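*Asks:* Got these off TrEMBL a minute ago, pasting:
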- B:4-100: domain 'CoA-binding' (DOMAIN)
- B:THR17, B:GLY18, B:GLY19, B:GLU20, B:LYS43, B:ILE96, B:THR97, B:GLU98: CoA binding site (BINDING)
- B:TYR159: substrate binding site (BINDING)
- B:HIS247: active site, tele-phosphohistidine intermediate (ACT_SITE)
Amino acid sequence: MRLHEYQAKGVFADAGIPTPGSEVASTVDDVVSIAERLGYPVAVKAQVHVGGRGKAGGIKLAEDSDEARDAAEDILGMDLKGYTVEKVLVEEAVDFTNELYVGVTMDRGEGKPVAMVSTKGGVNIEEVAEEDPDAIAREHIDPAFGMHPYQARKVVYDAGVDKAVARDVASVLTTLYDLWESKDASDAEINPLMVTSDDEVVAADAVLNIDEDALFRHPDLAEMEDEAAEDELEAKANEYGFDYVRLDGNVGIIGNGAGLVMTTLDLVDYYGGKPANFLDIGGGAKAERVANALDMVFSDENVDSVVFNIFGGITRGDEVAKGINEALEQFDEIPKRVVVRLAGTNAAEGREILNDELVTVEETLEGAVQRAVEYAEEDQ
Amino acid sequence: MSILVDEDTRVVVQGITGGEGKFHTEQMLEYGTNVVAGTSPGKGGQEVAGVPVYDTVNEAVEEEDADASVVFVPPAFAADAIFEALDTSLDLVVAITEGIPTQDMAKVNKRLSEVDTRLQGPNCPGIITPGESKLGILPGNIFESGNVGLVSRSGTLTYQVVDTLTSRGIGQTTAIGIGGDPIIGTDFIDALEAFENDPDTEAVVMCGEIGGEDEEEAAAYIAENMDTPVAGFIAGRTAPPGKRMGHAGAIVSGSGTGTAESKIDALNDAGVPVGDTPAEVVDHIEDFL
């Protein structure tokens with residue numbers, strides 16, 4: 001789960017990381033009155049879950065109230081890479097001499113946290129990592145002991161951070177690691193950490209992504225989830241508890257188990273179709289869950305046909321068949337043609353129950369996918 | 001023959017009194033697995049499906065001489081259950097639980113480096129040596145005993161490939177689901193090494209997916225160390241960058257590594273044919289036998 005910049009900054013500030021004065025606003029008038037209060041110049045920053053906000057016109061500097069009003073009018077309501085900007089952060093602009101990058105994440109290859117510092121801050125750090133990996137100093141941390149102060153100092157010195165601020169940067173990194181750990185974050189980053197002409201450091205941005213599997217330990221953070229930031233269908237999937245990703249094709253795909261669902265997507269593509277979504281109903285799904293899955297995919301107007309691919313282990317074919325029947329019997333006319341392939345636990349019982357006036361039953365995975373692709377082409 | 005488990009494996013079920021634990025204990029017993037004990041703190045002295053329940057794993061291991069455990073404990077308590085298992089003399093711990101926080105697994109990973117016990121999973125379907133023993137939730141009826149080993153990051157994809165193998169008369173030595181989480185115990189290389197050392201395994205299927213670099217590393221291992229032929233499958237060719245597709249690990253960073261393409265290329269370079277469909281993987285296996 002990704003927090004907005006203003007939310008992450010609040011968490012960072014509470015932990016003692018220096019941040020510029022700032023407030024959130026959702027109207028133009030509020031932006032101007034906050035800017036007056038903070039004093040010019042200010043930065044007006046779109047609060048949406050996309051990278052590269054600055055380049056896309058989502059961050060503007062304002063020197064006076066007219067500019068603040070203009071910036072607010074430009075940014076509030078704008079479409080930023082598919083997301084509508086509903087909130088902006090109004091923040092004191094920092095007069096800086098240098099921009100650093102400081103981050104903590106999980107190195108999955110090593111199975112250990114890694115702390116990172118770079119003097120190439122203020123730019124896309126993924127690009128730096130790719131083009132000039134040596135520009136980022138890294139230190140792996142033993143998750144059982146946490147980060148020792150010497151490790152924070154080491155990575156700061158390795159990065160070549162100016163001695164005048166090294167101690168403060170190490171202190172920010174230590175706090176950031178402690179936050180990463182205590183909040184069950186997957187990533188905690190500051191980019192840029194600005195160095196002022198007085199040799200002070202200030203977090204001018206804040207990234208805090210939380211491991212969704214650990215949200216049960218952090219009800220305060222779970223409350224910060226911004227459903228408005230999600231695609232309408234993805235928000236609905238969240239409510240139903242499905243792993244769901246919307247894609248740009250027209251063959252709806254429902255299955256059990258991430259690997260099998262991905263494979264079904266790949267096969268749709270292989271047979272010349274275009275997947276409309278990834279929907280994993282998970283393990284042990286009962287009839288109601290199956291009906292919810294169909295409801296989800298039918299709600300996507302881009303979908304022309306649906307392939308339902310179940311290989312039961314923990315999931316029972318008869319339960320799935322019951323769910324499909326119940327869901328489809330509610331319609332006078334079923335909105336999209338549905339192809340079902342059932343295998344594994346209780347698959348024979350399931351195929352027996354399935355109402356084949358409502359769905360097309362196929363024996364094999366390949367057969368089911370080809371049939372769904374054909375239907376999608378016909379119904380286009 | 002087989003790797004890691006066989007008919008002599010004596011199994012403890014951690015979380016045996018829970019819904020999943022109870023149901024799958026029954027299923028495992030029905031398959032012939034030698035389930036000798038279960039654990040559930042505070043419920044020691046009870047029985048589930050005729051299996052004695054203990055309060056602690058240590059007690060279960062000592063009293064029943066167990067050598068493997070299967071973890072069906074809910075995510076919030078699962079890391080603790082794995083730590084408990086790693087603190088005993090067990091050879092193998094299979095963690096089925098899905099949704100264990102990643103930082104918990106990093107701590108488990110650290111502990112693993114200090115003990116002799118092998119962990120499989122978490123978020124995995126388990127392990128099966130057909131006709132002998134299954135530890136986990138795999139549907140036993142689709143497996144046949146034979147000479148092909150299988151290792152996979154995905155449960156249901158395993159079933160799909162196994163079903164195809166079995167329907168063409170090709171049986172399996174052992175099938176092992178290593179799980180799709182970012183931090184896991186047994187990885188591809190561990191399983192491939194065990195299959196390489198098993199004289200009865202004549203060919204291996206390796207099912208991977210997008211995310212991480214485990215498949216690339218496995219490809220390098222195969223090129224260097226394996227005589228047993230391997231055929232591969234990679235799920236997620238059509239996945240868009242930046243989206244998480246179910247498994248925590250199945251996310252493409254967009255920076256060139258971890259994509260289906262980089263994994264397929266690495267496997268091809270190591271002499272491993274990769275099927276475009278699960279059926280094609282089995283075609284390759286047929287060519288090997």
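The backbone N, Cα and C atoms fix where each Cβ goes, glycine too.
Map these features onto the structure and tell me what's around them.
*Replies:* Taking all protein chains in view, 18 other C-beta atoms sit within 10 angstroms of the C-beta of B:THR17 (CoA binding site).
Taking the Cβ of B:TYR159 (substrate binding site) as centre and 10 Å as the limit, one finds 28 other Cβ atoms among all the protein chains shown.
Under 8 Å, Cβ to Cβ, and six or more positions away along its own chain, B:HIS247 (active site, tele-phosphohistidine intermediate) finds B:ASN123, B:ARG153, B:SER154, B:GLY180, B:ASP181, B:GLU209, B:GLY211.
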*Asks:* At the level of the C-alpha atoms, what whole-angstrom distance separates B:THR97 (CoA binding site) and B:TYR159 (substrate binding site)?
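*Replies:* About 18 Å separate the Cα atoms of these two residues.
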*Asks:* Mind tallying the domain 'CoA-binding' (B:4-100) by DSSP state, helix then strand then coil?
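*Replies:* Summed over the domain 'CoA-binding' (B:4-100), the classes give 33 helix, 25 strand, 39 coil.
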*Asks:* List which of the recorded positions B:GLY18, B:GLY19, B:LYS43, B:ILE96, B:TYR159, B:HIS247 have a Cβ under 8 Å from any Cβ of chain A, in sequence order, or say none.
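*Replies:* So the ones by chain A are B:TYR159, B:HIS247.
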*Asks:* Can you check what DSSP calls B:TYR159 (substrate binding site), collapsed to helix, strand or coil?
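*Replies:* For B:TYR159 (substrate binding site) - judged by DSSP and reduced to three states - the answer is helix.
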*Asks:* Out of B:GLY18, B:GLY19, give me whichever of these binding-site residues has the highest number of other Cβ atoms within 10 Å.
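*Replies:* When each Cβ's neighbours within 10 Å are tallied, B:GLY18 tops the list.
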